[in-house]
Every structure is written in C-alpha cells, then in structure tokens.
Amino acid sequence: MTDAVLSREGLATAKRIVVKVGSSSISGANAAQIGPLVDALAAAHARGAEVILVSSGAIATGMPFLQLDARPTDLATQQAAAAVGQNILIYRYQESLRRYSIVAGQVLLTAGDMETPSHRSNAQRAMERLLGLRILPIVNENDTVATHEIRFGDNDRLAALVAELVAADALVLLSDVDALYTRPPHEPGAVRIDHVGFDDDLLGVTFGDIGAAGVGTGGAGTKVAAAKHAAAAGTPVLLTSAAKVADALTGLPVGTWFDAAPRG
Ligand code: GLU
C-alpha cells in the first residue's frame, strides 16, 4: 500500500484496487455489461495495477438454468441457483478476459473466514500469490456455507472485508446508481453527494428500499455501511455506477468519494 492518502484522481495510479460489482449490473439483460467492465479492469491491469474483482451475480446468473423467472425466496433454492450460476459467471468473465490474455482466479470466501485467523491468513497468502502471478482474483461469497450477502448486501460488506484483507489502496463499489444522493435519486430534491469526509456521519441522508423487483440485495444503505467500514480500516472508497467504471478507474470526477480515516 502507498503511504500517501489517496484522492479520487489517484485512482488512475493506485497500485492495488478492489472493484465490486452487483448482480443486476452483470446478469440477465445486463450480462453484456461484463465486456465493458472487463475492458476497464484490463486497462488498470495493463498499467500495472493489481486488480481484484468482487462480483455477485451467481444467483441471478443461475436462475434461467433452473427455469426460474424470479429470484427464489427460500434460502436453499437461492444457494442451489448460486452453485449453478457461479461457474457460468466465472466462465463469462474468463471468456471476456481472454481478449486481454488475463487469467482469472476464483476465490470464494465468507465473512467468518475473515475472523478465523488460520482461514484469514490462508486467504491473504493465496491472494498475494495470485496478484504476484498477475492473475485477476474474482471473489464471491461462498454461498453454499454462508448466506450473509444473499440476505443483506449483495457482497457490499464482503468487498469491504476483502479490501481490508489485502490492504487495498482503494475500493470501487459499483451499482446501478452513479453516486450517493441525499435521498433516493428518483425522489424530488435528491442531490448528488460528491465527497464524504471520514468523520461525516451522513445524518442528513435518507436511504430508500431496494424494492422487490431487483435481483440483488444491496441498496444505498449497505453500500454506505461497507464504504464506512473500508474507510475506517484505511481504504478510501468510490461509489459509482457500473457504467462509469472506466471513468472511475482513470480518476475522473464521478461518483461519491469516501475519504479514508487517517492512518496512525
Ligand atoms: N453471493 C450472492 C450471489 O452472487 C450474493 C448476491 C445476492 O444476494 O444476489 O448471487
């Protein structure tokens, strides 16, 4: 990790970056978004950055293979869909990465792994080796044994834990919304928040519900909680949309930037 506190522009030169993408951005009608996402990740990889992708979408990708039109509501079927969808998802990423001769490594983790010292150090060592070999690790929750992210967050929290595990220089949280707003963005009077100081408790911000229609489980609330966790652990966070990932990774002024707590 670099010593200087990173700014948003610094994303263009950051050494180690964790990028998290949610289910609805890369599955179903948006499966073709994997291509542009991979283009942006490959560009960062090509300039020498170490890139880790945390991707949800196993359940959503598995649904059509189980003839499911809607996200299953019971946990066991969600886990079954994830088991079916995870390898399809990784296959799609690898096919896209192949255009750049980049090899992906699948890493399935649980929050519990991060708290169990032997699991944590194993995961850390494996991740360091993958990055040293210039592999692009693609992380998801290990849905067969853990269901936190299925229930509450579409991998937002997992991404923050991974950023902490690898001491990332920055975490980029991608969703369908381009930034954090003072209230749900479709509501009148919603104003984009450009920057959040590390000690800003965002008391004036109203978080909406994700709604029942989505295939993911995260909303602005879980993103802000994840961003706050990463920032407190020393990793600044950019929250923006998957459509703006290329701009984000080249340091353009998009999204909402969360300052990291000063190290010390
Ligand atoms: N690990 C799950 C997945 O990839 C989490 C996301 C979700 O809740 O849909 O599908």
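For all residues, glycine too, the Cβ spot is worked out from N, Cα and C.
Per TrEMBL, ATP binding site is recorded for K20, S175, D176. The substrate binding site annotation in TrEMBL covers S56, D143, N155. For 15-240, the entry in TrEMBL reads domain 'Aspartate/glutamate/uridylate kinase'.
Annotation: S56 carries the greatest number of neighbouring Cβ atoms among the binding-site residues K20, S56 [cut-off 10 Å, Cβ to Cβ].
Apart from S56, D143, N155, the residues listed for substrate, the same chain places the Cβ atoms of S23, S55, G57, A58, I59, A82, N140, E141, E149, I150, D154, L158 within 8 Å of the centroid of those Cβ atoms.
The 6 Å Cβ screen around ligand 1 retains D143 from the binding-site residues K20, D143, S175, D176, ordered by sequence position. Of the recorded residues, S56 (substrate binding site) and D176 (ATP binding site) place their C-alpha atoms 13 Å from one another. In this entry, substrate is bound by S56, D143, N155, whose most widely separated C-alpha atoms sit 11 angstrom apart.
Each residue contributes its Cα atom, and for D176 (ATP binding site) and D143 (substrate binding site) those atoms are 23 Å apart. You'll find the Cα of S175 (ATP binding site) roughly 11 Å from the Cα of N155 (substrate binding site).
It is D176, among the binding-site residues D143, D176, whose Cβ has the fewest other Cβ atoms within 10 Å in the structure shown. The most densely surrounded of the binding-site residues N155, S175 is N155 (count of other Cβ atoms within 10 A of its Cβ). Across the annotated binding residues for ATP (K20, S175, D176), the two most widely spaced Cα atoms sit 12 Å apart.
The secondary structure of D143 (substrate binding site), as reduced to three states from DSSP, is coil rather than helix or strand.
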